[in-house]
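*Asks:* Take a look at what Swiss-Prot says about it:
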type	residues	note
BINDING	66, 94, 123, 162, 184, 185, 186, 225, 226, 227, 228, 264, 291	substrate binding site
BINDING	268, 332	Zn(2+) binding site
BINDING	408, 411, 415	[4Fe-4S] cluster binding site
C-alpha cells in the first residue's frame, strides 16, 4: 500500500509524523494533503534515501540539483564531487548522464547521495538504441518500460516521464513558427520516436502499466513538459498549454490509482507571466506539486543564467511552486564544473527561501529576523553562524583582516548600528531625556 492509499484510509504513519515535525505543520493536515495529492514524499519505498524530502502545499520550497555526464565529458569522479555539493545544498538530485556506462554511473550516484535521486529513463534506452541499432528511435515500447523498471529497482525515487506530449502536438510544434520548436532533450526523444514509428506516445499507450510500476515502489512520477518554452517568446503558446491539458488528465488518473505524481514546468517565461503560470497549473491539476526549471525571465543571461533564473525562481516559489530545478552558470553553454554546480545550488537556495518568506510568512521569516537581530547588535559571531553560507561569509568579513572596530570594514567607525547603540546607552543614562 502506498502513502496516498494510507492517507485516504485515514492512517497516520511514522513518515507523516516525520513530515509534520520537519515542516512544523499538524500531522492531520499532512495526511489530508497527501490523500488529495497536494503533498508528495519523494522516495522509493524499497530504497529510501537518507534525507526525508516532502514537497507540496504549506511546505518549504525544495531545490533539485542536476548532475551527470555527457557524450563529450565522462568523468565519474567529477560527478561524485557534484553529489557532495548536492548533499550540502540540495534536497533532490537528478542523474542526467548521457555518456559512459549509464547503469554503473547511476548506481554509484545513488550510493553516494543522501538525497532522493531522479532520472529520465528515455535517455538511456534512446542512447543504447542509437549505439546498437544505429538509430535512437529504434527502441521498442517494451525496452522503454524495462528501462523504467530497471531504474526503479536500482532505487530511483522519481523519474521524468514525458507522457503529456502527443504525436499530433509534436508534429504541429515542429511545423510551427515557434522560435525553438522543442528544447526538452527527453521530450525530443519521445517526439522523434513517435514520428519515426508513426505511433502514439509509448508512455501514454502503456500508462496503466507505468502506474503499476511506480505504485509498487511508491515512487514519484514527474510528468515532463516536452513542449516547454525554450525562449520567452514561446511562453504560454498553444503547444505548452496543449501539453499541460493532457498532463492534467494524466495527473487525475495517477491519483485515482494512488500513485504519487508531480508536474514539471518551464523553462523561459517573462517575469510578468510567472505567477499566473503557477496558478494555471495548480488550477488544472488540482494543486499537485509543481517542479519548475527557474523559470528564466530572459534569454540573454548566459553565463549568468543561475542569477537570471533565480529571479524567476523566487517569484515562482512565492507563487506556489514546490520544487525548484536549479540552473548553473554553464546553462546553455556546456557541462557545469563542480564549482558551477555549487554556484547554481546556492543561488536557488536563496531563491527558495525568498519565495518561502512570501508563501509561508512568519514561519520562514524567523530565520531572517534572527540574523537581523544579531546584525543590529553587531554580534558578528552569531550573525555569521546563522547565514546561508557561514564559511564564505566569514571569509568576506575578514578579507582585509579583522576590523579595528566592532563594525565591519565597510563603514568602520561610521557604522550606523554602532552609533545607534551608543545613543541608546546615552539616552538610558540621562535623566533629562
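Backbone N, Cα and C define each Cβ position, glycine as well.
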*Asks:* On the Cα atoms of 66, 94, 123, 162, 184, 185, 186, 225, 226, 227, 228, 264, 291, which are listed as binding substrate, what is the maximum pairwise distance in Å?
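*Replies:* Spelled out: the longest distance between any two Cα atoms in 66, 94, 123, 162, 184, 185, 186, 225, 226, 227, 228, 264, 291 is 20 Å.
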*Asks:* If I take the alpha carbons of residue 226 (substrate binding site) and residue 415 ([4Fe-4S] cluster binding site), what is the distance between them in whole Å?
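*Replies:* The separation of the Cα atoms works out to 53 Å.
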*Asks:* Residue 415 ([4Fe-4S] cluster binding site) has how many other Cβ neighbours within 10 Å of its own Cβ?
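*Replies:* Neighbour count, Cβ to Cβ under the 10 Å cut-off: 17.
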*Asks:* How far is it from residue 186 (substrate binding site) to residue 268 (Zn(2+) binding site), counting Cα to Cα, in Å?
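*Replies:* Checking the Cα atoms of residue 186 (substrate binding site) and residue 268 (Zn(2+) binding site) gives a distance of 17 Å.
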*Asks:* Are there binding-site residues among 268, 408, 411, 415 that sit within 10 Å of residue 228 (substrate binding site), Cα to Cα? If so, list them; otherwise say none.
*Replies:* 268
*Asks:* Tell me, by DSSP, whether residue 186 (substrate binding site) is helix, strand or coil?
*Replies:* helix
*Asks:* Whole-number answer please: how many Å between the C-alpha atoms of residue 291 (substrate binding site) and residue 415 ([4Fe-4S] cluster binding site)?
*Replies:* 43
*Asks:* Setting 408, 411, 415 aside, what same-chain residues sit with their Cβ within 8 Å of the center of the Cβ atoms that define the [4Fe-4S] cluster site, listed in sequence order?
*Replies:* 403, 405, 407, 409, 410, 412, 414, 416, 417, 418
*Asks:* List the Cα distance (Å, whole number) between residue 332 (Zn(2+) binding site) and residue 411 ([4Fe-4S] cluster binding site).
*Replies:* 40
*Asks:* For residue 184 (substrate binding site), which of the binding-site residues 268, 408, 415 has the nearest Cα in space?
*Replies:* 268
*Asks:* Rank aside, I only need the closest one: which of the binding-site residues 268, 408, 411, 415 has its C-alpha nearest to that of residue 123 (substrate binding site)?
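*Replies:* Nearest listed residue in space: 268.
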*Asks:* Here are the binding-site residues: 228, 268, 332. Which has the lowest count of other Cβ atoms within 10 Å?
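*Replies:* Comparing Cβ neighbour counts within 10 Å for the binding-site residues 228, 268, 332 gives 332.
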*Asks:* Does DSSP put residue 123 (substrate binding site) in a helix, in a strand, or in coil?
*Replies:* helix
*Asks:* Out of 123, 226, which of these binding-site residues shows the lowest number of other CB atoms within 10 Å of its CB?
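*Replies:* 123, out of the binding-site residues 123, 226, has the fewest neighbouring Cβ atoms within 10 Å.
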